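Just below is one structure, and these are the notes that go with it.
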Amino acid sequence: MVPLGWVPGVLGLIAAAAISLNANVLIAKLHEFGGKRHIRYRDLAGHIYGRKAYSLTWGLQYVNLFMINTGFIILAGEALKAVYVLFRDDHVMKLPYFIAITGFVCALFAIGIPYLSALRVWLGVSTVLSLVYIVTAFVLALRDGLNSPARDYSIPGDKTSKIFTTIGATANLVFAYNTGMLPEIQATVREPAVKNMLKALYFQFTVGCLPMYAVTFVGYWAYGSSTSSYLLNSVSGPVWVKALANISAFLQTVISLHIFASPMYEYMDTRFGITGSPLKFKNLSFRILVRGGYLTVNTLVAALLPFLGDFESLTGAISTFPLTFILANHMYLMAKQNKMPSLQKSWHWLNVCFFGCMSVAAAIAALRLIAVDSKTYNLFADL
């Protein structure tokens, strides 16, 4: 909202939800294309295009998930630092230290949860933690907004920076709604998988968006262009309430990261034949080495460049746009080209071309934002 303002920000969020729903519906409808279930994004692409597309899609998906996980580690580090600052604001502990602690906790969780199916009870915990954060952030921001003087909603920066931040913000918009792993999620949906996945998508992109809208709009209304990228850094209120919300955000992020890292874990387990009891010495040592190593790299990148908003922009540009919009529309074209009218074909080609251009423009804008912030804050910045 900060780089877009009220009208473009609100319209952009609603438009991003609509186009994201459309793109995800296309992917969901291809789940059983060719008479078989495609439980991985790369499997679907490989079935339609061939082996090279399988590898390319896996590469894009890997980058997407790596960047998402890096963003999660930054977010959890900020939440952990916010708890520390509430009780001891002496600047002894810097953000990179909290990011390192986060990486260690995420590694312990990844080692202890061997399979995605083992997350069952943790998903319920994650939901409760999310609600704690949402309700707390909403109520405290609403109270601050009611008691604050007039806010400044002008878009910060000079003319050139406004152009780049606006383009980067479009990538943020689509990043907020998309995962790049819909087939993997759909593989866990009960039969009929396509029908039930469509129901879930329609629910998620309508009712499911309301909490995000509530926090986003109230937060921007309460603090204007001075709003922090991590909203709890802007709110005021009882220390224990803010501490509870920050701890909830930290723990929920650890769980969420594991979900988005699971395709990588599953790929490595399959490639190296990891089967049997997760407590076998071979399996346990493999998880420690591979998952710990993967999260070490994630943590290093997060500490090196801890710019959460910039990472969201870059992720949206280099992976969310290609995976969710370009590939989805083109795969649907290839799969259904003999069964759709020319007007519908033209619509899908328009999407492919438009989002291709947006991907390039947003990547350039995001890289510029990271370069500018790196000059301002230096590496391993304490934001």
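Every residue gets a Cβ built from N, Cα and C, even glycine.
Annotated features, as they stand in TrEMBL:
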- 1-367: domain 'Amino acid transporter transmembrane' (DOMAIN)
- 6-27: transmembrane segment (TRANSMEM)
- 56-77: transmembrane segment (TRANSMEM)
- 97-116: transmembrane segment (TRANSMEM)
- 121-143: transmembrane segment (TRANSMEM)
- 163-180: transmembrane segment (TRANSMEM)
- 201-223: transmembrane segment (TRANSMEM)
- 243-267: transmembrane segment (TRANSMEM)
- 288-308: transmembrane segment (TRANSMEM)
- 314-335: transmembrane segment (TRANSMEM)
- 347-371: transmembrane segment (TRANSMEM)
What residues in the same chain, six or more past the boundaries of the transmembrane segment (288-308), come closer than 8 Å to it by Cβ-Cβ distance?
66, 69-71, 73-75, 77-78, 95-96, 99-100, 102-104, 106-107, 110-111, 229-230, 261, 264-265, 268, 369-370, 373-374, 377, 379-381, 383
Which range out of 56-77, 97-116, 201-223, 347-371 gives the transmembrane segment (163-180) the most CB pairs under 8 Å?
347-371
Could you check whether the transmembrane segment (243-267) packs against the transmembrane segment (56-77) - three or more CB pairs closer than 8 Å, residues at least 6 apart in sequence?
yes
Is the transmembrane segment (347-371) packed against any residues at least 6 beyond its ends, judged by a Cβ distance under 8 Å, and which are they?
23, 164-165, 167-168, 170-171, 305, 307, 309-311, 313-314, 316-318, 321-322, 325-326, 329-330, 332-333
Kindly say whether the transmembrane segment (314-335) and the transmembrane segment (56-77) touch, using the definition of 3 or more Cβ pairs under 8 Å where each pair is 6 or more positions apart.
yes
Taking residues 6+ outside the transmembrane segment (97-116), which of them lie with a CB under 8 Å of any CB in it?
73-74, 76-78, 80-81, 84, 122, 250, 253-255, 257-259, 261-262, 265-266, 278, 283-284, 287-288, 291-292, 295-296, 298-299, 302-303, 306
